Amino acid sequence: WTSKYGNTPDTSFSGPLSFSRLPYSRCLDYPRSLSVNDANNFDIAILGMPFDTATSYRPGARFGPYAIREGSRRQSVDWGYSLSWGGNPYTDGGRTILDCGDVPVSPFDNALAVDQMETAYSTLLSRYVPVRNESDSEPSKLASLAKDGREHPRIVTLGGDHTIVLPILRSLNKVYGPVSVIHYDAHLDTWNALGYPGSESTQAQVTHGTFFWLANNEGLLTNTSIHAGIRCKLLGTVDLEHDASVGFELISTDDIDEIGTLGVVERIRNRVGDGPVYLSLDIDVIDPGMAPATGTPEAGGWTTREVKRIIKGLAGLNIVGADLVEVAPAYDHAEVTGIAAADIVADFLALL
């Protein structure tokens, strides 16, 4: 074979599965790095959290990390140059990006699963980033925002249902303190669990519709977070008043017709400022005609192109992490949701 055809590169439809064919490693198995020169250090990790046992409607997002990686098969490091971003997010800046696999979360015990996700995220967040210029003693902006004054890796998480953001925010709080959240979603996810149907037990209050309320109660959020793309049905204005008390401003789906994508970008940037910012995107912010594979679809959403343009407008913010959640591929058609999700994750890498 080698004498006739040479080496055996994988095609876009063959080979082992990792996001955009990035180097794959079970990073959680590394011993903890004690040195900035450790060969296992990385700048950005792709991490799957296949958790979906806190959904309120259609389950299946535990298969989301797989579907997003599957949707990324035609993306690659070598063919990563983006006309939109004017560069290749996989190679520009010499960043080390790894696909760190999935957190092995329990599908039977939600309290255990939430702790597993927090432990995994904290483990990767505690690692050092690779050193590029040891003579450069000027700390980066992200290092100056960290409690310990050093730069930490950033993680792009593949969900999973939206509950995964609660353990992520708990982990980020240990490094940065309270963060602002840019939340792309059709739903508020700030509902008070004490009045949520089926939340009679403490553990049942942890759901994909209540996690921001819980995070606010724990002091994990600033008072400068913002939703983008909201269009869900509500109990009434009482939900909006409660949402504001949790610390969120709201951009509805309809607002884009009045102020355009650049107006949405301006409102987001003015809201979150220059502190540490976390970006969370529920795939249902996109209209189900373009992204049907999700647990709680809502008609009338933004287009994939509009969402991508708004993400590009966030360049320069102090993004400390990001996620894309609620992809449930059992409801997909021709992999359109997985492909859209993978392309948005590539935008996250460019943004970081």
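Here the Cβ of each residue, glycine as well, is placed from N, Cα and C on the backbone.
According to TrEMBL, the protein carries these features:
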type	residues	note
BINDING	His162, Asp185, His187, Asp189, Asp282, Asp284	Mn(2+) binding site
Next on the checklist: Which one is it: of the binding-site residues His162, His187, which Cβ has the fewest other Cβ atoms within 10 Å in this structure?
Outcome noted: His187
Checklist entry - Excluding His162, Asp185, His187, Asp189, Asp282, Asp284, which residues of the same chain place their Cβ within 8 Å of the centroid of the Cβ atoms of the recorded Mn(2+) site? => result His183, Ala186, His208, Gly209, Val285, Thr296, Val325, Glu326
Next on the checklist: What's the number of neighbouring CB atoms sitting within 10 A of the CB on Asp284 (Mn(2+) binding site)?
Outcome noted: 29
Checklist outcome for this item: For Asp185 (Mn(2+) binding site), the nonlocal same-chain Cβ neighbours (under 8 Å, six or more residues apart) come out as His162, His227, Ala228, Gly229, Ile230, Ser280, Leu281, Asp282, Asp284, Val285
